[in-house]
Amino acid sequence: MAANFWTSSHYKHLLEQEDVDMVNTLDKEKGITLEDFKLIKMHMANYILKLAQQVKVRQRVVATAVTYMRRVYTRKSMAEYDPRLVAPTCLYLASKAEESTVQARLLAFYIKKLYADDKYRYEIKDILEMEMKILEALNYYLVVYHPYRSLSPLLQDAGLNDLNMTQLTWGLVNDTYKMDLILVHPPHLIALACIYIASVLRDKDTTAWFEELRVDMNVVKNISMEILDFYESNRMFTEERINVALQKLTLRP
Amino acid sequence: MTDMDPSKKVADRYLKREVLGEGTYGVVYKAIDTHTGHTVAIKKIRLGKQKEGVNFTALREIKLLKELKDPNIVELIDAFPHKGNLHLVFEFMETDLEAVIRDRNIFLSPADTKSYLQMTLKGLAYCHKKWVLHRDMKPNNLLIGSNGQLKLADFGLARMFGSPDRRFTHQVFARWYRAPELLFGAKQYGSAVDVWAAACIFAELLLRRPFLQGTSDIDQLGKIFSAFGTPTASQWPDMVYLPDYVEYQYVPAAPLRTLFPMATDDALDLLSKMFTYDPKARISVQQALEHRYFSSVPLPSDPDKLPRPAPKRESRVSDFNLQEGPAVLSPPRKSRRVMPGRDGFEGNSQQADKVDGSFGDFRQTTDDNTGKNESAPMSVDFSIFGLKSPNRPTINSADRTYLKRKLDLEFQQPE
């Protein structure tokens, strides 16, 4: 499995943080700041999750969809690719790629149900049109590896595979998709960072276990710090700020 | 449909040539890649009728082929949208292994057979290393390039595997290539299913006709058991636990030698290991490649020197490329030749038109080397032909409904 990841397109296309944090010129012209950019992506990750819960797909599909969405915005502007359409379309595409297809009309139905706002109103034909554009933006690379898979073997190996720890780390992994980590770091390192945080939180001594792993603990600690920073600032991500950011996209420059 | 205007460029890069055939999900045509000067085959993917966007099978193929780059796997060169349709660009392949096996003007030496099998297994070994199951191995999906290289194509049924508890559909492979565990309804299976299919292809290379031509799933198992004997509990302990297991009347195994009188001992040894009943005990592709069959004399032929069908007659010579292949039908899937039956030759393998009811596609009619150009019925759902001589079913009609639901979700479910 791991050997598999190292030869994958996912691995080859991992990005540097600064490349992920580049706000597209078109968006900059509209006054989108890096903060706004991150905020909108986080909001869209939440939107994807909400939709996914309605249409009932596996967490893996959600994770893939969010990854697609984040990858799209390393190449395309939000001004041209409306996040409110990109998000549901990524879920649609990911559901196919992960072999649990969701019908477009079902998505269109739940979009209406979730958001009364006209700006979210997109129909089947919009989703299908955007699907093609997203495929192109992704350069047709669809296979994504996620931290979930390495989570349970790692927990087991560390002797932490009780229900409490499993749920906690699983939840932490879910939250990492509110950030761009999946574009920057190999998934098993993200999994390790989540285990690290969880073990610190629950006072489990895992120092010896981590030391025995042949991984760069600095990277794991950096990822952990990033996750913790996110939780720290999460309180400031209000609905209002998200709306202000999205508003900028609709404004003429 | 045929667009012969040489000035027509698609996506500013490809010069469109003649239509090669109809694929599972759209037209396939030949083109020249102006960036490289190479001939390519472009699959135009029809959008699903039921408004379900990019065809699911096509998407699966794109997804996997983008990860698979190997000399023995067909290359997906490019993909692009054009006029609302998605187009996939593949390297152009001259012919396929089925055409080679069926061409009675071709003599396959033991070294040739070895070479074709080796290339097949190499491509498969690469897939398995990447945790991809092909699930549709058959001679028709093994394409052959101008340099004699054989490449696996058609990943429309392929899947990634690895998580041991994932359940898959057992309705994969054309029936004649389906492993016994699949015929007994196994939902959890692994790379051994591809090995069984490769063994069928090996046998087909030796016999020059499909080896186990069942007319139904039950009959397929019957054919398998009458060839190798009914499996005993000690041979295959888990068999009785499979979902669709039924007891078959006991038939003893005949010596393999009687079925393949011309094969060498090494060939038979490898064949029997690939045809092992218990998937857990079946040889892996990697082990098969390391088998002494491949290192003993005669050594595998150089791909360049392998016999291939003679060039097709009405070859339109393109000014770009003189690579005039025989019956061209390259890219994955369904551009297959349909051959008129030949009387008085191997009575039991009178292959009329090969109709596979896969997805109601039709394929181009091409004669082989007879120089005549007979047209055979395009294609028809084979159920219409009922129980006629061995049609080569890709998927039978019962499976089809199942597949439609399970795999190809462009077909909307009744509400």
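Glycine is treated like the rest: Cβ placed from N, Cα and C.
Per TrEMBL, these features apply:
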- B:14-294: domain 'Protein kinase' (DOMAIN)
- B:LEU20, B:GLY21, B:GLU22, B:GLY23, B:THR24, B:TYR25, B:GLY26, B:VAL27, B:VAL28, B:LYS43, B:LYS44: ATP binding site (BINDING)
- B:ASP136: active site, proton acceptor (ACT_SITE)
- B:296-379: region 'Disordered' (REGION)
- B:302-317: compositional bias 'Basic and acidic residues' (COMPBIAS)
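Contacts of B:LYS44 (ATP binding site) defined by a Cβ separation under 8 A and a same-chain sequence distance of 6+ are given as B:GLY26, B:VAL27, B:VAL28, B:TYR29, B:HIS82, B:ASN85, B:LEU86, B:HIS87, in order along the sequence. Comparing the recorded positions B:GLU22, B:ASP136 by how many other C-beta atoms lie within 10 angstroms of each C-beta, the top residue is B:ASP136.
Other Cβ atoms within 10 Å of the Cβ of B:GLY26 (ATP binding site), summed over all protein chains shown, number 20. Between the binding-site residues B:LEU20, B:VAL28, the minimum number of other C-beta atoms within 10 Å of a residue's C-beta occurs at B:LEU20. Confidence in the domain 'Protein kinase' (B:14-294), given as mean pLDDT, stands at 91. In this structure, B:ASP136 (active site, proton acceptor) belongs to neither helix nor strand by DSSP; it is coil. You'll find the Cα of B:GLU22 (ATP binding site) roughly 18 Å from the Cα of B:ASP136 (active site, proton acceptor). Across the structure, the residue listed as 'active site, proton acceptor' and B:LEU20 (ATP binding site) place their CA atoms 21 angstrom apart.
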